[in-house]
Structure formats: structure tokens, C-alpha cells
């Protein structure tokens, strides 16, 4: 059975095969049997021997094959790609026609680019322009979630107005108009002064009213800020845990009791409703994503000190713990690009913070666990599930 990281790598290759075949009008089914081969051999089987000795092509295949999943290293790789594209439309060749290398790199970096925060995307303008060009050139919306790229509006320059010199009669008319304007200005100034004196008390009343409204506006802004914080996934402390032991609950057939190692002095005891979906043997020695800042409580007289995050299909007939990639470190915190912040020491049950956050936790069409589209990231890659478009609780 393939590990979580192997499954993600296999799925990535399948996407690359499908994208390459679409760009060449080929049937991907003819190549999917070879998807376990290394990426370079797989790609060359599709694009034929003509590209085998192409140095630039091989360079970008190597880039794709070695592209990191660690958030910091990933952003560095995207920055290098952005710099390369500063004066180029495509990766290989001097024109504007995307090559197979463009398709391969696009397929590789897409899941990372789409999960970037807006502030990070704004720092990569050449990369975003290239991503938009590739997805439009080959219409890859059936294979990849569409990346929305904000484009600056183009305002055409206004035509210059050419003044005509008309002679002395025009000059006299201009002088006459100037005198009339000056006369009108003086009259307007007098009226304005009188109006100003008349409106003085009224203006003072309006100013006082506005000052009274300021504290109300500040309070409303503070409430809005609090609401935003309550909905942020950064309030949750989600850690990678290893289930050292799992057993049946002593008095509830639907519950299991797990001893989970999160790198603390002792394992946490956690009660979960997984008895109908997993056996204790299947859970033992499994990595899980565990919320560790929930308030401890008893479930059928057994204390629970955490919440194992699980994916579920629509009718709740299939439930499984999220798959944490092999290589993730016990105790490390799961991160979400664009949603940085300090987690609560202990979630406040009265505020129902968890209830407000979990509706935004789901797996995408590829089974990657996300919060509002931002992947659950560990040092070894994203957390996943075999259930696409699942709810996560």
C-alpha cells in the first residue's frame, strides 16, 4: 500500500500525463500504465525522442522532479521561477509557444501557487502572468482549479487637443471673458462669505455629531476584527501525532481510546468515534493530525485530551483520519499559507470557535486537506485523504 507522500507523487504524475497528452491531442490512457516510472522517462515517452537531447527541456524536468514541498523551500523555488520569467514568455524557446517543459512545470507548481496568499502572489508577477498564459493557452480548467489573476485595467491615452490661433479678434474676446469671470468670482466670494457665516452654527452641530459617532465606529471595527479572528484556522493548534496504542472504549461500542504521542513528556489520551470505521490495529502506529488545544473533557467517563481530524463523505458512511505524509515530525504544527497567527492556549467552548472554523475545512477534488483552499502543510508535504471533496471534523 502506497504511503501518503507516494500517493501524492503518483497523483502529481497522473496530472502531468493528462496535461501533456491534452497539449498533444493524445489519449492519456495509453501512458497511465507507465505512471510509476520516473518523471523524465515518462515524459519522454510522450513527447518522443525529439526532446531527449534537449538541454533546456531536461533542466526543467529536473526542476519539476526535485520541486520541494516544504513551504519555505517551495516559495524560494517559485521566486527563482519568477525571476527566470522576467523577460520570457515561456520556459523553453525564444517565442511565445508553450513547450512540454512549460506544461510539466505548470502541473508541478500549480497546487502550491493556487494556495499562496494574495500578498505572496503579488510578489511573483512574472510567475502569475505565465501561469495565467499557460492555463488559457491549453484550457486546462478540466484538470486544474482555475487561477484567478488580477489584471491592471488599460486606459488608452486621450487624444491631444490642438489649439488654433485665431488672431486679434479672438484675443479681445478672451480678454472680455476674463474680465467677466473676475467680476463673477468677486460676486461668488461675497455670497460664499455670507453663506459661511449663516452656516456656522449648523456646521458646529454636525461636527459634534460626527465626534459622537467615532467611538461607535471604533467599537464596530473591534467587533468585526474579533469575528475575523474567531474564524481564523490559526486559532487551532493542529499537531502531528503518532498513535502508540488504540483500544476499544470500556463502555461505548462506537468509541475508541488512543494514546497519541505529540512529543510531550507523556502521550495524550484521546477518545474518538472511529470504532465503526477503523480497528484499533489499523490505527496503531499511524500518524494523525490532532487538535491539541481543545478543552479536555470526558466522553462516557473517559478523559479526552484532543481531537483527531477525520475526513467524511457526504452521507457519513466513509470516515477516515487525515493521512499525514511519512517524514512529518511528531509534534510539529500544521501550517496554512496566508493564515498565520498564534493559536489559542485553550479554545473557549462558549465562543464556539471550533464550530465556526470546521465548516471551512474540506478536501479538494484531489483529496488534499484544506482550510478555505489553503492546504494542511507539514514539513513533508500536505495532509491528504482518499475521500475527495470531503468534510473535515
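A Cβ is built for glycine as well, from the same backbone N, Cα and C atoms used for every other residue.
Lifted from TrEMBL, the feature list:
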DOMAIN    33-158  domain 'GST C-terminal'
REGION    162-226  region 'Disordered'
COMPBIAS  163-176  compositional bias 'Basic and acidic residues'
COMPBIAS  177-192  compositional bias 'Low complexity'
COMPBIAS  193-226  compositional bias 'Basic and acidic residues'
DOMAIN    232-335  domain 'TRNA-binding'
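For the domain 'GST C-terminal' (33-158), the model's pLDDT averages out at 81. Across the range of the domain 'GST C-terminal' (33-158), the DSSP-based residue counts are 74 helix, 0 strand, 52 coil.
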